[in-house]
Amino acid sequence: MMVIRAYPLPYCASNRIVQCYCDHIAITVLACTNRAPYGFPAFINAMLALLGPLALIVFSYVSIIVAVLHIASTEGRLKALSTCSAQLIIIALYYLPRCFVYLASNVGIKFSKDLRIAIIMLYSLLPPVINPLIYCFRTSEIKKSLSKMFRRAHVENMKM
């Protein structure tokens, strides 16, 4: 929908988008006209698309935390909260930078293209990379095998 709304804009500036991918903000910034009538509806749609699922996620985690607080054993509560906290960190790494990019562009905060690309890369690549690592290191068998592998490598380096 946003691409269709950006299509008829008059473009007289450079036709190069210095981004990792072609998003609505990067396209409409190149237009020769006031982008506010196009930018605000795009912002509203982006916030609905981002904050709708985020609201469901927050509701789910609040429900989980309420259920966890009813667990009798302290050890069980800590284990459940530990699992939830790792996931909440990954969710925050995705949603916070993304919302910041959309909000900053709409309130007129300008930052360098390199910083914008870094933020986009942060929310695009970091959560999918970190998620398997978190679960990988939580599994005791994987911890043991990695520990054995590093000890073996350390012993071989000591022999040299």
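One-based numbering along the chain as shown.
Using N, Cα and C of the backbone, Cβ positions are placed for all residues, glycine too.
The domain 'G-protein coupled receptors family 1 profile' annotation in TrEMBL covers 1-135. What TrEMBL lists as transmembrane segment is 43-68, 80-97, 117-137.
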Next item on the list: With DSSP as the yardstick, break the domain 'G-protein coupled receptors family 1 profile' (1-135) down into helix, strand and coil residue counts.
Entry: 101 helix, 2 strand, 32 coil
Margin query: Mean pLDDT for the domain 'G-protein coupled receptors family 1 profile' (1-135), rounded to an integer?
Written below: 82
